[in-house]
Structure formats: C-alpha cells, structure tokens
C-alpha cells in the first residue's frame, strides 16, 4: 500500500503492513515517542524557574514572568502546527521537522547551563551571563515552537493508523497514549530535580542544571529517532485543508459585509454571521454559530489557567523557603510538582466511578458547566491555602534592612561578660563568647555604643547587616565589623563562617568546604553547606579537634572559636554558635492541600471542559474548539505576567489572595453565563439543517419540473394553434 492510500478503504482496513495483537505495529513507535517527548518537556519545565532564579540570579518576579511567557508560547504554537500539518506538510512531516527544531532547542538550553563555557576565572560564576541568557532564550523559543507544533499532530497521527474495524483498539490506544503523557510527566518531575541537585563542572562544581536539561534533550533525540525508525510502517494521510482557516475567512467576510451594509436602509438579519450567506454555505454558517456559542463561554476561562500554571513557578519558589525533609526521603522544591500527576492518576477514576455517580444518585443535576464552576472554586481555594502557607513562612523569614536602614549584631569575643548600651535600647548583658540574639535596626549613619565606661562610635552601612566583634580587650582600637547576609542562602543551602577568637591562626575545613586559614581575632568568608550532618576539623599547628552539627535548609550561622578553646579529640562543647538566619521550619507537606485542591479543580474543570466542548460542537469543528481551549491557557499565562510585572505586590500572600479573589469573581460571571446556556445536540441540528436543505432542493427541483411542464404545455398549445391556422388556410 502506498503512503497516500486510505487504510479505511483497504480490505483489511489497516494502515501498516503488520499487526501485533490486533494493533498496528506503527503505534508502538508513536507511544514510545510520546513518552520520551513528554519526559523531555516536563523534565525541562520542572527546573526552569529555579534555573532563572539561581543561575541567572533573577528575582522572583522576573523568573516567574519569563517562565509564563514560555508556557504561553507553548500553548499558542499548536494552532500554527495544526494549520501547517492540515494545509501544507501533513502530520508526518510536521512531526519530523518540528521534532528536529525541538531537539535543537533542548540541546541549546542544556549548553546554556554549562557555566564553565564563560567562567574564565574558574570561580563557578559565568563571566558573560548575557551569552547564557541569549542561548537559553533561543533554545526556549525553539522548544516552544517544537512542542506546541507537534502537540495537535501526534495523537491524531496515531489515530490515523487504525481502520474502521479497529474502533476498540483505537480507544485503547488513546487511553495508553494519555497514560504515557502522565507517566512521562511524573517520572521526569521526580528525576530531573534530583539531577539538578547534583554538583558538576569542569573547573568548579555548581548545581548541575546542564545535566538536568541534558537528559531531557537526550530523551527528545531518542523520541525523534524512534519515530523515524517506524517511518516505513506509517499510514501518512495527505493534507486535507484546515477548517480553522475556513472559519476565520467566513467570520471575516461576515464582519466585512456587515460593515459595508451598516446603514439603516439595509434590513437587519437574525444573526450577524448571516451576513456571510452571499459567499458561504448555510451549513458552514450554522456550524460556526454553534462554535461561537461555546467560544463565548470560554471568555472567563483564562483566569483558571492563571492560577493553575503557577504551581510550576510561584509554588516552586514558595517551596524553596520550606523544609523538605520527610525522614527517609528528602524532597527538592521542584519535586513537589509530582504531587499533581500522582493526584491526577488517583482522582480521575475516583471522580468518574464514585463521586459523579454518587451525586447523580442524590438527585442532583451535576451538569458539565456546573462541574467546571466547582473546579474553578477548587482552584481559588487552593490559592487561599497557598496564602495561609505563605503567612506561616513569612513568620520564619528574617526582616532585612531597607535601603535607609542598617542592622547591627554584637559578638563578645572575650572570656568575660560585658554590658552594652545601645541608643534607644535597654542595657544588654553579653555572656563570654556569645552573640546577641537579634539584629538591632538603626536609621542613623553611625551609632555610639557604651561598654562599661567606654563609648565607641561605630559607622554603619545603609541597607546592610553587620556584626560587631567586641574584642576581649575593649580598649583595643581596632573593632571589626563583618558584612552579613541580607538574603536567605540560595537553593536551601546553609551559609557558615568561623570567627577565630584565639591568639593563633586556625585552619577550618570540612569535606564540602574549606574555610582556609583564619587569622587571630579575624573571621572567614561564608561557605555554602548542604543540609544534613557536617563535621568540621579545626587545626592549629600540630593540634586538632572536630566539631559536628546537623543543618536544615536556608540558615546562616557564625561559629566562634573562643580564646579558651583546648584542642583535643573533640571540641564539641567549646565552639559557640550565633544563628544569623533561621533555617526553613515550615514543612513542605503543608503544600499538599493546595496541590490537592488545584488538581481536583483541574479534573473537574479541564477534563469536563474538553468533554463539554466536544459534545457541543459539530464534528468538523472540534479542532477549532481545541484551538480556542489552548488560547485560554495562553491568555491565562499572560495574566500572570501582567500581575507579576505591573502590580508588584510586596507580600506574596497578598498576591495569592488577589488571584483567588479574581477567580471567585470570574466564577460568579461564568456561573451566570452557564445558567443561561442551552445545551444542544450538534449532530441533530446538522441533520435537521441538511434535511431542510434537501427539502429546499426538492422544492426547487419540483418547481423546475413544473416550469418545464408549463413550457411544454405552452409549446404544444402553440403548435396546435399553428396547425389549426394552417388547416383553415
């Protein structure tokens, strides 16, 4: 059979030369291709917002905005892919060409994450960050073009492989196909965050974003190769034209024609689409009217997607300030997204087999539009939960100085307690080798400190945190001021430093970091330590001792080596610590309720919405509704961009409440629209319309016959008259 032959006209109604268990062999290549492609897409997307935040050092708003621009593009390009496939290249060539573009984009993104490319001084920080940003943006654009372009083609291409007698096998194929989508999503959101958390590099070790993007890139190449291998087995339908273009042309003509005949001298028509009757078929116009009725209901829907897609951006950033230690399992912030596909696989069968039948037995008419309304309410509740979690997180976050403020902490390096008097504060007693419990905030550029009978003026730096090291001899001229962190350590790491209060040089090291030689009465730079137990080795000459401590996530500590330290096998009791930034104490498990509500909302809104749309549209217009549905998703992501960049709400919990309130308001509007919506049966309407057209055609034919009979009678009569005249003559 040739490529262009229709398998439905074949005697055996199959699109491949071989069958396995009643299924065309070609679909196995398509299923593997889809699994690898979804793994590639969702794996890359899982770590994307953290890549923007930590690799590019962008703030949360910039990272969120860029993420949602990318997601919006991914939902705009399917329309382009569908038009290209149906009108020009065909599904097979479209999948091949755009998969190549897709793979190139994934490789470009992976290369952009290799920090060693521009790290000339080998300190782990790229010297030319612009190169990495440009390369990654090019890669993301190609990915959006590729993943969006093939999205409407792969499932339809798989369906083309079956003949009319294989309806049961086709349904099974689509079930397995969508299972592969969720399976690829689930596995990738588990694996790629683990890869990201590793450290890699040629000259210096950093978080391995290149590996986290490289594995999805490799999977995309595998997807392309597998699809090409099955090339000889596919049934490849010729492009038949895209209905969306016809719909757009018909609507455009109706608007143009109505504008031309806008004066009152032209009679009004029942519907504005009727102005296209001069050029287009009445059946097409009737079908477009049905589609427009459904598309009108789509107007409020982008607000749902505005909230839903933030689980990959705002919620992931929220998780970076939380504790992911689940005992035997440590969850990365971007791994929390796995809760969504797990809950989808759980909730869909429960909803279909338990919840909906139970509601029906209770006598409630739970129509599709009512399900969608409840789904929107669920999403709004999810964001209320996120706001409550954010309030708990904010309680644990330190208050950093503003641009007009300075903050100061005191550390007594001596072996005797001292009493310190700060302006506008009560006298403070600092025990030996201890620090103050908090930072003191000042508006002035300098502060006078009274210790005993001695007053010291300390200059302060605006917008910064500092620690004042009070020496054992307070009459010493040189009092040191250290610069402290003004933000939480990135990626859940812990920032540590040591202060040497001894009269000798001390070397401090640990397998994860080397603090180097610390001079007497001086301090080390900050070093980043992962969560878990860390053991530090302190050496001075031939003497050494060890100090161990467990660390959580996102904390900062200053450790003081006191002047009274005695080296031995263990110096655990001698080292004193000052907690500069508290570790993350709000557990990631608190995010589970918001994931539950957003997923329940997705099941009730998204699944039901597609089902409703398909049931209310003519059979040849389903692709138009699919395009409209994807556009609502794209517009929803643009709304996030507008709020993140323009609103600039200082408190994250307030932004969550704003989104929840907006969705509640939209939900009320949608429920009113749904109340006045009348459900239709497109097939029945089309049948009635065709019957009416046939009757009109029959009437026209009958009229034409009658006209012919009249002409014949007139001709015969005329002939008889002529004959009579001739006879008389």
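Even glycines carry a Cβ here, placed using N, Cα and C.
The transmembrane segment annotation in TrEMBL covers 68-89, 96-117, 129-150, 171-191, 211-235, 290-308, 342-359, 371-391, 592-612, 624-644, 656-680. Look at TrEMBL and you will find 708-729 tagged as region 'Disordered'.
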Whether the transmembrane segment (656-680) meets the transmembrane segment (68-89): three or more C-beta pairs under 8 angstroms:
no
Are there three or more C-beta pairs under 8 angstroms joining the transmembrane segment (290-308) and the transmembrane segment (592-612), sequence spacing 6 or more?
yes
Tertiary contacts of the transmembrane segment (211-235), as residues 6+ beyond its ends and Cβ separation under 8 Å:
1, 3, 5, 7, 15-18, 24-26, 28-30, 32-37, 39-41, 43-44, 47, 51, 92, 95-96, 99-100, 102-103, 106-107, 109-110, 113, 157, 160-161, 188, 191-193, 195-196, 198, 200
May I ask you to check whether the transmembrane segment (624-644) and the transmembrane segment (129-150) make contact, with contact taken as at least three Cβ pairs under 8 Å and only pairs 6 or more apart in sequence counted?
no
Mind checking which residues reach the transmembrane segment (68-89)? Cβ under 8 Å, same chain, six or more beyond either end.
45, 48, 97-98, 140-141, 143-145, 147-153, 239-245, 309, 312-313, 623, 626-627, 630-631, 633-635, 637-638, 640-641, 644
